[in-house]
Structure formats: structure tokens, C-alpha cells
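Novice: My questions all concern the structure below.
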Amino acid sequence: MVANAGITGDQPIQGPTAVLLVVLDSVAIYNVVELTFIILTIFKRRTGVYFWSFVVATYGILLYSGGFMMRTVAPPQGSYAYITLIAVGWVAMVTGQSMVLWSRLHLILWNSARIRLILWMIIFNAICMHIPIVVMVFGANSPKPGVWAQPYSVFEKLQISVFFVQESIISSLYIFEARKFSRLQSAVDNRKRPSRVMNDLVALNILIILLDMTILALEYANLYAVQTSFKALAYSIKLKMEYHILNQLVEAVSSHRGRSLDNGWTIPSNGQRDATSNTGASSSVPMTSLIMRPENILYQTHITGTSDNCHETWPRGNDCQVPGEGGVLKTTEVKVTSESRSDGEPRPSL
């Protein structure tokens, strides 16, 4: 296999390498068909950044894979046609994937400053990486590709490294925040082990990073042709995983919100949540929804009697004899440390 074969238009790809590229591109296109089924049948609300980023990234894969398949099997005379497909598809596929990751970030990261910073990183990298590469790829496939070959080879490694770091940052944020959220769930639910949903979420994001590492390894091994076709397959796999990840996130956040808001919890005018337990004792918990996670707030649970003759709230940490009961109750203290939320900042919506 020739190093960097296919990086310019005067380097035809033949033999087993050509067969491998066609297979990789064909599987990627087949995955686009499955993704189209998801778009048409699974999405109930076809609006929002997540939906449109998903659509753009999906059909970017189709253009990108179709362009490379044409480049492999078609004569070189029509190079500008398939190079246009490759360039447009590459921009839509890569930045579209990053926007898909970003658009669901608010479900588990409730820090608007960090979310905006990630968005600006995506925009900055898109401008600085896409524009030079598009110019160079047309130059490398022009009638005089020699002058473009070396700059394109160097910049290709740079842009793959930049986008690898970008997606790794976003996926690492998911892993970090998912583990924090899992610990919070375990503390609230009195469980020793993290939930299956959070374990799956972490595993899927690790798999995304591994796919990106494979693309990076192929590029630095100077296997340009294989890297480009495998990239389309990897991005199609990541998009197929995306919908599952979104469902996992919504399930985790919704179930946590449900445990905080449902099952008899009410919000009185004094801002406290009250619930009546099975034992007849009332628990008054002065806290907002755990889904908000305010910064460094000490949540304190007070156990009160339900008897009309006694509405005393016992101080935390003291043993108390409940009127009319034979048992001893002790108050519970829960400390939750999380990110701060600015005044007036909207709640995350699912």
C-alpha cells in the first residue's frame, strides 16, 4: 500500500486498496440509510439544533462517501465534481457531528459559560480548518497538483488532530459530568453502584474517542486513502450511537427529576418540598429541584411529627423520640456540590 496514495488527483488507487475503500464507503452509505429511517420515524419534533445538526451530519456522510467512491472508480476527467461532493460533505459531516455533541451538552452540563465556550471553539475550528483544507483539496486535484501535495499533507494531519482534540474535549466533558451526576444519583437513591444508564453513557463516549483515535492513527501512518474512507464509516457509527446516547441522557435526567418532583412531592409557598412517608412522618426538605444543582448548598432534612399536637422540627444530628412512636428518628444531612447558576438563567429543557 503506497504511503499517502490518493492525496493528489494524479495518484490513482487500484487493486485491493480500491476494493477496501469501496467496501468502507458502501457500509457508510448503508448506515446513512439507517440514519434516514431514524430521522423520518423516530424524531417526533423535527426542530431545534440537535435535529438539524443530526440531519446535516447524516447527509454530509452521504456526500463525502459518494464523492470518494466516485474518485476511486470514476475516470479522473470529472474530478471537480466528486471533489466538490467530498469538500461539502466533509464540512457537513465533521462540524455537524460536533454540533450534535454540543446541542445535547446542556442535558448534563448546567454551566452556560462552558457551553458557550464549547460553541465558540467549534465555530473557530470550523473557520480555521475547513477553509484552508477546501482550498488545498481542490489544488491537490487540479491539473498541476505538485505544488499543493506537501502543504495539503501537512495541513491534513493538523486538521485531523484539531478535530480529534475538539471531539475528545466534548466527550470527556460528558464522561466527567456523567460520573458526577451518577454519584449524585447514588447518594440521593442510597445506592452504592452507579446506574446502568450512566455506565452505558460513559462507555459510549469512550467508544467515540476510540473511533477518533483510529482515524488519527491511520492519518499519521500515512494511509490517507484508507483514513478518508474509514472516517466516513466511523462518523456514521458515531451518529448511529448518538440517538442511543440521547435516549440514555434523557432517561437519566428525567428519572432523576422524577424522583425529585414526583411521588407526592409538592412545592409550598415557602419554597420547601413536603412529602408524607409511609410511616406517617412528614419530611420537610428545604431545597430546590436537584436537577438545578446550585453551588455548595447544604441540603438538610428535618423530620417532623404528623400529630396535630406536635409540629416541632428537631435539629439535625440529635436523636429524637417521636410522640406516639416507639422508634428513634435521626435527621439526615445531604451535601451536594455542583456548578453555579446565574440569576435568571433558564432551566435545562428536555
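Glycine is no exception: its Cβ is also placed from the backbone N, Cα and C atoms.
Any TrEMBL annotation is an automated prediction that lacks curation.
Pulled these from TrEMBL:
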type	residues	note
COMPBIAS	266-286	compositional bias 'Polar residues'
COMPBIAS	332-350	compositional bias 'Basic and acidic residues'
DOMAIN	17-251	domain 'DUF7703'
TRANSMEM	18-42	transmembrane segment
TRANSMEM	49-68	transmembrane segment
TRANSMEM	80-105	transmembrane segment
TRANSMEM	117-138	transmembrane segment
TRANSMEM	158-176	transmembrane segment
TRANSMEM	197-218	transmembrane segment
Novice: Which residues of the chain, 6 or more past the ends of the transmembrane segment (18-42), have a CB below 8 A from one of its CBs?
Specialist: 51, 54-55, 58-59, 61-62, 65-66, 68-69, 72-73, 225-226, 229-230, 232-233, 235-237, 239-240, 243
Novice: In the same chain, who gets a Cβ under 8 Å from the transmembrane segment (80-105) while lying at least 6 residues past its ends?
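Specialist: The answer is 48-50, 53-54, 56-68, 70-71, 74, 115, 118-119, 122, 126, 130, 133-134, 137-138, 141, 163, 166-167, 170-171, 173-174, 232, 235, 238-239, 242, 245-246, 249.
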Novice: If I take every residue in the domain 'DUF7703' (17-251) and average their pLDDT values, what number comes out?
Specialist: 88
